[in-house]
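Pasting a structure below so you can have a look.
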């Protein structure tokens, strides 16, 4: 079994979904200050008159809004600044976290949409979410930026939640057995590449500045468009066609496209065996999965691997490392963030 052009195209096209996932994960990090400053201007929570001097122009005190000619007390200023800071923090936190919320919500429907539409059609349809979400973020300066970014991040999160299930499903089903392990890790490489790519583009002399940040946020829409058109050239999963739909001839045809000059009957026989075994097994409910001793070890292993990854704190680093490094006294926090991305990418290559 060897790599063919169609197999390479199919795997590359699929993992573009994870490149978008990684890009969306890391893109919000570097330009935090620039976007927060824009939020403040749009929301009017740091009005220009608060930076003006008093009537004499000498002491640099702040004028209270709506009380021309009177000076606020220091406690009024502190309270007002604290309120402004809290509002800004709330909108920024929501802009960051709504992406993950969208992913959680949509991930519950992966199995249904994958079986209903097929792997390729499902990836085609959900790509519309990515394109729409990135378009909203790319146009953020032309409307209420905080609303457009939060909405765009939420819709992109919905896409990434669906893609994170559909892509591994498709890649594992089109890959030959001998290459399944290696090809099955490429989606993780695509994630860290996307994160690193977004961090580098987030440098202020590239796209992480006051003029270009909407383009930075919406740029993964280009990858979404590329994936959309490339998916039109990709064959449907032979396993899906044979096991789920019973389309033997179409499954054979797609196997030949994916494997080249190859007799597909051996894999067809394996699929038939898998189909019969699946039909003979009783369906397991979610409750049985967690209560039956038969599944306990597998469930515990699967859960602990995922939980340990989340509790390692790596997601907080991806989202907020620039701010963390700045508070730690690092002179160039954006470059420290890129350093994290480089280390992450290098060790993912080793794992592949």
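Yeah, the Cβs are placed from backbone N, Cα and C, and that goes for glycine too.
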In TrEMBL, which of 57-77, 120-140, 246-266 is tagged transmembrane segment?
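Comparing 57-77, 120-140, 246-266 with TrEMBL, transmembrane segment matches 120-140.
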Short question: which residues 6 or more past the ends of the transmembrane segment (146-171) have a Cβ under 8 Å from it?
10-11, 14-15, 17-18, 20-21, 24, 28, 35, 39, 42-43, 91, 94-96, 98-107, 109-111, 113-114, 119-120, 122-123, 126-127, 129-130, 132-137, 139-140, 183-184, 186-187, 217-218, 220, 224, 237
For the transmembrane segment (213-234), could you work out the same-chain residues 6 or more beyond its ends whose Cβ comes under 8 Å from its Cβ atoms?
6, 9-10, 12-14, 16-17, 19-20, 23-24, 27-28, 31, 34-35, 38, 120, 123-124, 127, 130-131, 133-141, 149, 152, 156, 159, 194, 198, 201-202, 207
Where else in the chain does the transmembrane segment (90-113) make close Cβ contacts, counting only residues six or more beyond its ends and a cut-off under 8 Å?
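Answer is 24-25, 28, 32, 35-36, 39, 43, 122, 125-126, 146, 149-150, 153-162, 164-166, 169, 315, 319-320.
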